[in-house]
Amino acid sequence: MRTIISLLLLSAMVFAVIEAISLEEGLQLFEGERGCVGENQQCADWAGPHCCSGLRCKELSIWDSRCLG
């Protein structure tokens with residue numbers, strides 16, 4: 001019985017890791033498709049500000065907004 005429970009837990013952990021990797025790859029692909037921009041680049045605001053992962057759009061002035069960490 002302990003062996004079965006251990007195998008089930010191990011399977012669940014492996015599945016969770018595989019799902020996390022797949023999700024991360026999917027997010028990276030989505031960022032490329034929507035035209036994310038890197039640090040200190042002007043925010044891509046055609047459909048709302050889109051900065052790459054870990055960055056956020058910071059409004060420096062009325063006319064200038066940049067992606068910053």
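Backbone N, Cα and C atoms are what each Cβ position is placed from, and that goes for glycine too.
Values in this document were obtained by computation on a predicted structure and should not be read as measured data.
Database features, via Swiss-Prot:
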- 1-20: signal peptide (SIGNAL)
- CYS36-CYS52: disulfide bond (DISULFID)
- CYS43-CYS57: disulfide bond (DISULFID)
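The most crowded of the disulfide-bonded residues listed here (CYS36, CYS43, CYS52) is CYS43, judged by how many other CB atoms sit within 10 Å of its own CB.
Every protein chain shown contributes to the tally, and the Cβ of CYS57 (disulfide bond) ends up with 17 other Cβ atoms within 10 Å. In this structure, the CA atom of CYS43 (disulfide bond) is 10 Å away from the CA atom of CYS52 (disulfide bond). A straight line from the CA of CYS57 (disulfide bond) to the CA of CYS36 (disulfide bond) spans 11 Å.
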